[in-house]
Amino acid sequence: MSEIEQTGQSNHYPVMLSESVAGLNIDPNGIYIDCTFGRGGHSRAILNELGEQGRLLAIDQDPEAIRYADANFDDPRFEIQHGSFEALQQYCEARDWVGKIDGILIDLGVSSPQLDEAERGFSFMRSGPLDMRMNPQTGLSAKEWLTQVDEKTLAQVLKQYGEERFSGRIARHIKEAVQEQKLQTTLDLAQVVTKASPKTEKHKHPATRTFQAIRIAVNRELDVLKTVLEVSVAVLKTGGRLSVISFHSLEDRIVKQFIRDQSRIKDLFPDSPIQLEVVEPVIKKVGKPVFPSKEECQENPRSRSAVLRIAERI
């Protein structure tokens with residue numbers, strides 16, 4: 001989620017705002033869920049399309065996002081839920097919304113306010129505590145996680161979640177820095193990774209992949225994504241839409257694979273000589289992947305890697 005909207009002293013641009021909201025095919029009287037409120041750019045646009053009977057539930061695990069919603073969204077059609085979208089099923093059950101949802105929007109990744117606030121520990125460009133938690137009130141911080149993880153597992157995480165070529169070398173240097181108590185801030189980590197990287201990529205900081213990998217591990221981002229995709233299909237009504245914006249290939253691969261798998265007829269026993277059971281597709285792909293316009297990329301460079309995929313419950 002790299003979002004920015006003109007509010008107060010901050011600028012936050014919601015990525016592919018019109019495209020993602022249009023993808024929901026909004027019914028003015030429908031029920032919608034914004035799984036990643038951030039600073040409310042997408043939520044505001046959805047509310048603008050809803051009538052008096054429409055409803056919008058926004059979810060965010062960041063306490064700062066909840067405070068922002070409480071201060072800036074006074075609308076009887078709107079409700080903010082503090083928590084992870086991994087619990088989407090429970091949130092819908094509590095409201096008797098299972099099978100009644102008209103649309104779900106998921107804007108993945110880190111929001112611009114989280115990146116810009118050094119204290120959150122997401123940025124390798126600003127000195128801050130090694131935190132990286134979407135919800136700083138729960139779970140292990142990045143520093144705690146790096147202290148506990150062994151070198152082999154760390155190398156696997158860097159390779160799998162960061163697609164880092166020099167994962168083993170970087171993991172070794174990180175663990176050495178941890179043991180020597182030289183890893184206290186985000187800039188400490190960035191410097192360790194930079195020194196450990198024998199080659200650098202043009203236009204990309206050497207620590208980019210490592211920070212991504214550690215953040216994904218700390219927040220269990222890919223596991224949570226798989227869960228929310230499965231739950232989305234269960235809670236959407238027939239004709240309900242799912243709009244998902246991803247920001248790196250690992251996320252997009254999961255979303256693409258999920259839509260493809262769930263839109264195919266499945267033979268549960270393909271090797272059986274007798275056709276025993278066939279599972280019909282539960283969603284269909286809507287259009288082709290959508291990418292930010294050239295103008296949007298120029299206005300908000302963080303949107304450049306974004307991909308929007310849309311599916312419909314059948």
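A Cβ is built for glycine as well, from the same backbone N, Cα and C atoms used for every other residue.
Quantities reported herein were computed from a predicted structural model and do not represent experimental measurements.
What Swiss-Prot records for this protein:
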BINDING   GLY40, GLY41, HIS42, ASP60, PHE85, ASP107, GLN114  S-adenosyl-L-methionine binding site
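The S-adenosyl-L-methionine site in the record is lined by GLY40, GLY41, HIS42, ASP60, PHE85, ASP107, GLN114, and its two most distant CA atoms lie 18 Å apart. Within 10 Å of the C-beta of ASP60 (S-adenosyl-L-methionine binding site) we count 28 further C-beta atoms, all protein chains included. Of all Cβ atoms in the protein chains displayed, 27 besides its own lie within 10 Å of the Cβ of ASP107 (S-adenosyl-L-methionine binding site).
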